[in-house]
Amino acid sequence: MVFYSNPPDGGYGWVVVVSAFMVMGLTVAVLKTFGLFFVEIQQHFDELASTTSWITSVTIAVFHLGAPVASSLCVQYSHRTVMITGGLLAFSGMALGFFGFNMVWMYATTGFLQGLGISFSWTPAISIVSHYFSKKRALANAIVSAGECAFAFTFGPFFQWLISQYGWKGALLIIGGIQLNICVCGVLMRPLASSCLLETIHYKSPFIHKSFNWMLVRRPEFMLYAIFGILAAMSFFVPPLFLVPLSYSLGIDESWTASLLSILAMVDFGGRLLCGWYANLHVTKTIHLLAMTITLISTSLMLLPLANNYLSLAIFTGFYGFFFGTTVAIHITALADVVGMPEFDSALGLFMLIRSTGGFVGPPLAGNEETETEETCDVAQMLVVLGGFLLKFKLNMRCLIVLDSF
């Protein structure tokens, strides 16, 4: 088989970027705004917040655990096939969740099936974009990751409207139908070799690895980055999930609560694009830039509990969202820099697998903090704990910077 030795850094790659942009919106953006269903589901089943939060916890965990499987299937079949399968799984999870028999049923449908669908959609989208771009990889990944923000900005009020009009069950069914568009995006994921003029070269393409490189766990720089991933998964998805209960505890009206998620998405979007543009200038090493953004997001999280009304909560949410966006925009590019592109597919799957432990523990841990008492300060304390977790990321990044200098 013949392949280009270097990524095209453009051309049909931009079609792939747009498709991946849509996939991010139809997967991660849905997960980020699922907090709007949190109170509705909790009240319907009359369960504790910690029990209800296991739905999101299972989704996040399966999302990560399915990544190595998705990566392996991409190698055996194609990114296109895996992504179409992911779209069907995501739809099935939401559609079956419509029946809402009991909490275990919700764990299995909107938890497990939805998580597997997100994994089988997200993993091939990120993987194929990284192979299509080299010099512009940071910018391309930032644009792709911004898809979840662009969609989350509209999904906040849209989901709120769906719940008010059709109930939370009807809203799940409609959202599942929307997620079928992932299959359309998957069709556009044309393999790199068939999307450009081919030249006969003796080059081993990253697309034809036959097995996972499990030996990456022996590389200290990769394991340090994986520890960062665990702590990130414990924290990254939790603030949006508990932002709704926090706003309710402050006495903020439901209509204003939805706007907080839109603000979060808007500034997140700006942070990703700005950081991607700056990283593309190659002024600062990506790993150094990541260390700086982690410090800033940690600080913003620890200040968030100071909010005591809508205006202050919106301001602190904005700071958190912006620095969250800058961090997410470059963390996949940093992974490629840490392990190199020949090992990127294996590293991506392993990174997501190891990171799953954090995603599985984070929401229930925060839920327990929130449910011990109904006072606002308990939710605030949970956010301070998350800020502490993120401060640990900084220490891991410092170790990576030292390793990177050798």
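Think of each number as a place in line: the chain as shown, counted from 1.
Note: Cβ is positioned from N, Cα and C throughout, glycine not excepted.
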* With TrEMBL as the source, identify the stretch among 313-335, 336-358 annotated transmembrane segment. => 313-335
* To do: Please work out which recorded stretch in 54-75, 82-105, 111-132, 256-275, 287-307 has the most C-beta pairs separated by under 8 angstroms from the transmembrane segment (313-335)?
  => 256-275
* Go through 12-34, 139-159, 256-275 and flag the stretch with the largest number of C-beta pairs under 8 Å relative to the transmembrane segment (82-105). => 12-34
* Report the listed stretch (12-34, 139-159, 171-189, 256-275, 287-307) having the maximum count of Cβ pairs within less than 8 Å of the transmembrane segment (54-75). => 12-34
* Could you give the residue numbers and ranges of same-chain residues that sit at least 6 residues beyond the transmembrane segment (171-189) on either side and whose C-beta is under 8 angstroms from one of its C-beta atoms? => 15-16, 19-20, 22-23, 26-27, 30, 37, 78-84, 86-88, 90-95, 97-98, 110, 117, 121, 124-125, 128, 159, 162-163
* Who are the chain neighbours of the transmembrane segment (111-132) in space, where the CB to CB distance is under 8 Å and they lie at least 6 residues beyond its ends? -> 7-9, 12-13, 16-17, 19-20, 23-24, 26-28, 30-31, 54-67, 69-71, 73-74, 79-80, 82-83, 85-94, 96-97, 140-141, 144, 179, 182, 185-186, 189, 192, 206-207, 332-333, 336, 341, 344-345, 348-349, 352
